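Structure incoming, see below.
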Amino acid sequence: MSMFCYQCQEAAGCKGCTVKGVCGKTEDLAKAQDLLIYILKGISVYSVKGREVGVINKEVDKFITEGLFATITNANFDRNVFIQRVRRGLQLREELKQQVINAGANLGNSNANENWLKKMLSFVGFKREEESNLPDAAIWFANNVEDFNVKAETVGVLATENEDIRSLRELIIYGLKGMSAYVKQATHIGYDNDEIHGFMHKALAATLDDTLTLDDYIALTLEAGKYGVDGMALLDKANTEVYGHPEITKVNIGVRKNPGILISGHDLRDLEQLLQQTEGTGIDIYTHSEMLPAHYYPAFKKYSHFAGNYGNAWWKQTEEFEKFNGPILMTTNCLVPPKDSYKDRVYTTSVTGFEGLTHIDANEKGEKDFSVIIEHAKKCAAPVEIETGEIIGGFAHNQVFALADKVVDAVKSGAIKRFFVMAGCDGRAKSRNYYTDFAQALPKDTVILTAGCAKYKYNKLDLGDIGGIPRVLDAGQCNDSYSLVLIALKLQEVFGLKDVNELPISYNIAWYEQKAVIVLLSLLYLGVKNIHLGPTLPAFLSPNVAKVLVDNFGIGGITNVEDDMKMFLGQ
Ligand code: SF4
Ligand code: SF3
C-alpha cells in the first residue's frame, strides 16, 4: 500500500485511498502530511508540559493550528510546503523543549518519567537517545528529505494497529483539524482563546499515548466537541463584532460588465482586504461557494463593487472558474487541482496551496498585498453569466432571534410542524442528489435550517415560504452551524422544554471534510441525539466505534428519500 488516507467522505470504496486520493492527493503528498501530523504530536508533548509551568509559546500555537488546517481535505496540494513545515516543526520542537526545561517543568512523577526528564535534558542540542521513555514523535530528528520519506512510511494512520483505538485517535485528529480551521480564521481577525490551543495540544499528545483505553479516547472525543463549540463561538464573536451581525440579504447571482475577482473559501478578513484594495479600480468582487455568506454581513454592504455570488459549491469550480474569466483567490479549502485552462488565474493564500500557483503571504500584522491579483484582473474579460436572479440568506442567530415571535407563533399555530437541520458540506458524489430530492419532498409545513456549502443542493429551488418565513433559512458558513445550535437552544427556552431533543427538529447532515467532523462532535457534546449523517458514514469509524455512537447518540445513516421521510416524520 503506497498511502493510506480515510479522512473525508470520498475515501475510495468507503474504506480509504491507498494509491492516490480521490481528491487528487498524491502518495508523496499524503506521506508528507502524515509526517507533519506526527511532528505536531511531538511538539504537543512539550507544549502540554510547558503549559503546566506557564510556558505558552504563541509561535507553537500558530504552527500547530496552521499545520492541522493545511492537512484538511482540499486545502493544500503543495508537497514542498509540508516538507518545509516538517523542517520548521523539528526546529520549533527543540526550541520549545529548551524553553520548557528552562522553566523547570516537572516532566512526570514516576521513575520512568524522571528518566524522561534526564533524557530530555540530554537531548537539548538535537542529540538522539535510543532508550528514552519519551514518545518517538518527541525525539525523532532528521534533516534530509530522504530520511523524512523513510520515517513517513511508519507514522501514518495505520501505525496504530488496534482498529478501534485507531478509529478514535483519527476521529479526534479530524475534529482537531476542523477546530484549527475555525481558530485560524478567528486569529486572523484578532481573536484567540488559549484554552482551545491547550486542548488541541493535549489531544494531539494523547494520540501518542499507548496507555489510554477506548473509554479514555471516547471521553476525549466528547471533550473535543466542547472545544468545537468554543471554537465556533470564538469565530462567531470575531465575525459579528468586527463585521456586524448577519442580516436578511438578497444576493445577486448574475454578473455585471466589469472584470471581476472571485474569492472562495471561508476567510472574511481576506475578503475585507480584497474589497478595500479593489475599491475604485473598476473591478468587481464576486464570492464563490462558502464565501457566499459574506454578503450577509453589514460591514461588506458598503462596497458598491461587491457584486454578488458566482456559481455553486466547491466541486463545481472546474467548470465555473473556467467561465469566470478573471483571477480567483482561494482563502481556505476547498481547492480542486486546477485545470490548465485557468490555472494561471488561481491564487492561494494562508494555508492553501498548489504547486505552480502564486501564493500571497501576510505580513506580521496579517495584512496582505493583493496588487498582483488586481493587476491581473484588469487584463481579463468580465465573467460569463451562468445564471441570473437572487438568493436569500442571513438567518444567523441574531436575525432569527429578531424574528423569534413570528417563528414561535408559526410553530404554535401549526403552520411550521418541523425544522430540518441540513447543514454541512456539498460534494461531487452523484448520491448527494438525495439532498435536493429530500428538500423537494419535504412537506410544505417544514423549514430547512442550513449552514455550510451543503446548501447549494437546494438554495436555488423555489421552496416558498411560510407566512413570510422562507422555507430555507441559511445561517451562513459551516462554522455558523453554531448559530443553528443557538437557535435550537432559544426555541427550547421559549417552549420551556427540558431537553433540546424534545423540539420538533430533525438533523439530516451532509458531511465531506473535517470541519463537518467538529460540527458533529459539537452537536454530540451539546446533547443532540438522532443525527443522520450522509451520504455515507465515515470510513474512519470502526464497527465498534460506530456502535458506541449509535447506542449513545442514536447516530444513523441515510437510505432513500421515501423511507427517510417516513422515518423522520414518524409515519
Ligand atoms: Fe482520499 Fe479524502 Fe484522503 Fe483525499 S482526503 S486522500 S479523497 S480520504
Ligand atoms: Fe464546503 Fe469544503 Fe465542507 Fe465549510 S467548502 S463546508 S466542503
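Keep in mind that glycine also has a Cβ here, set from the backbone N, Cα and C atoms.
Not measured: the values here are computed from a predicted model.
Grabbed the feature section from TrEMBL, which reads as follows:
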- CYS5, CYS8, CYS17, CYS23: [4Fe-4S] cluster binding site (BINDING)
- HIS266, GLU290, CYS334, CYS425, CYS453, CYS478, GLU513, LYS515: hybrid [4Fe-2O-2S] cluster binding site (BINDING)
- CYS425: cysteine persulfide (MOD_RES)
Given the binding-site residues CYS5, CYS334, CYS478, return the subset with CB under 6 A from an atom of ligand 1, ordered by sequence, or none if empty.
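Near the molecule: CYS5.
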When you measure from each Cβ to the nearest atom of ligand 2, which of the binding-site residues CYS8, GLU290, CYS334, CYS453, GLU513 fall under 6 angstroms?
GLU290, CYS334, CYS453, GLU513
Here are some binding-site residues: CYS17, CYS478. Which one has the most Cβ atoms within 10 Å of its Cβ?
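Of the binding-site residues CYS17, CYS478, the highest Cβ count within 10 Å belongs to CYS478.
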Other residues near the [4Fe-4S] cluster site, CB within 8 A of the CB centroid of CYS5, CYS8, CYS17, CYS23?
TYR6, GLN7, GLU10, ALA11, ALA12, GLY16, GLY21, VAL22, LYS25, ALA30, THR73
Near CYS425 (hybrid [4Fe-2O-2S] cluster binding site), how many other Cβ atoms are within 10 Å of its Cβ?
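Looking across every protein chain shown, the total is 27.
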Go through CYS5, CYS8, CYS23, CYS334, CYS453, the listed binding-site residues, and name the one with the sparsest Cβ surroundings, counting other Cβ atoms within 10 Å.
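Minimum Cβ neighbour count within 10 Å, taken over the binding-site residues CYS5, CYS8, CYS23, CYS334, CYS453, occurs at CYS23.
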Could you work out which of the binding-site residues (GLU290, GLU513) has its C-beta surrounded by the smallest number of other C-beta atoms within 10 A?
GLU513
Quick one: of the binding-site residues GLU290, CYS453, CYS478, GLU513, which has its CA closest to the CA of CYS23 ([4Fe-4S] cluster binding site)?
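Out of the listed candidates, the nearest Cα belongs to GLU513.
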Taking HIS266, LYS515 as the binding-site residues to compare, which has the smallest set of other Cβ atoms within 10 Å?
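Looking at the binding-site residues HIS266, LYS515, the Cβ with the fewest others within 10 Å is that of HIS266.
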In which DSSP state, out of helix, strand and coil, do we find CYS453 (hybrid [4Fe-2O-2S] cluster binding site)?
helix
Using the CB centroid of HIS266, GLU290, CYS334, CYS425, CYS453, CYS478, GLU513, LYS515 as the hybrid [4Fe-2O-2S] cluster site centre, which other residues of the same chain sit with their CB within 8 A?
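Here the nearby residues are SER289, TRP314, THR332, ASN333, GLY452, GLN477, TYR512, ALA516.
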Give the distance between the Cα atoms of HIS266 (hybrid [4Fe-2O-2S] cluster binding site) and CYS5 ([4Fe-4S] cluster binding site), rounded to the nearest whole Å.
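Per the Cα atoms, HIS266 (hybrid [4Fe-2O-2S] cluster binding site) and CYS5 ([4Fe-4S] cluster binding site) stand 24 Å apart.
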Compared by Cα position, which of the binding-site residues CYS5, CYS8, CYS17 is the closest one to GLU290 (hybrid [4Fe-2O-2S] cluster binding site)?
CYS8
If one measures from the C-alpha of LYS515 (hybrid [4Fe-2O-2S] cluster binding site) to the C-alpha of CYS17 ([4Fe-4S] cluster binding site), what distance in angstrom results, rounded to a whole number?
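If we compare the Cα positions of LYS515 (hybrid [4Fe-2O-2S] cluster binding site) and CYS17 ([4Fe-4S] cluster binding site), the gap is 19 Å.
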Cα-Cα separation of GLU513 (hybrid [4Fe-2O-2S] cluster binding site) and CYS17 ([4Fe-4S] cluster binding site), in Å?
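GLU513 (hybrid [4Fe-2O-2S] cluster binding site) and CYS17 ([4Fe-4S] cluster binding site) have their Cα atoms 14 Å apart.
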Using C-alpha positions only, work out which of the binding-site residues CYS5, CYS8, CYS17 is nearest to CYS334 (hybrid [4Fe-2O-2S] cluster binding site).
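Nearest candidate: CYS8.
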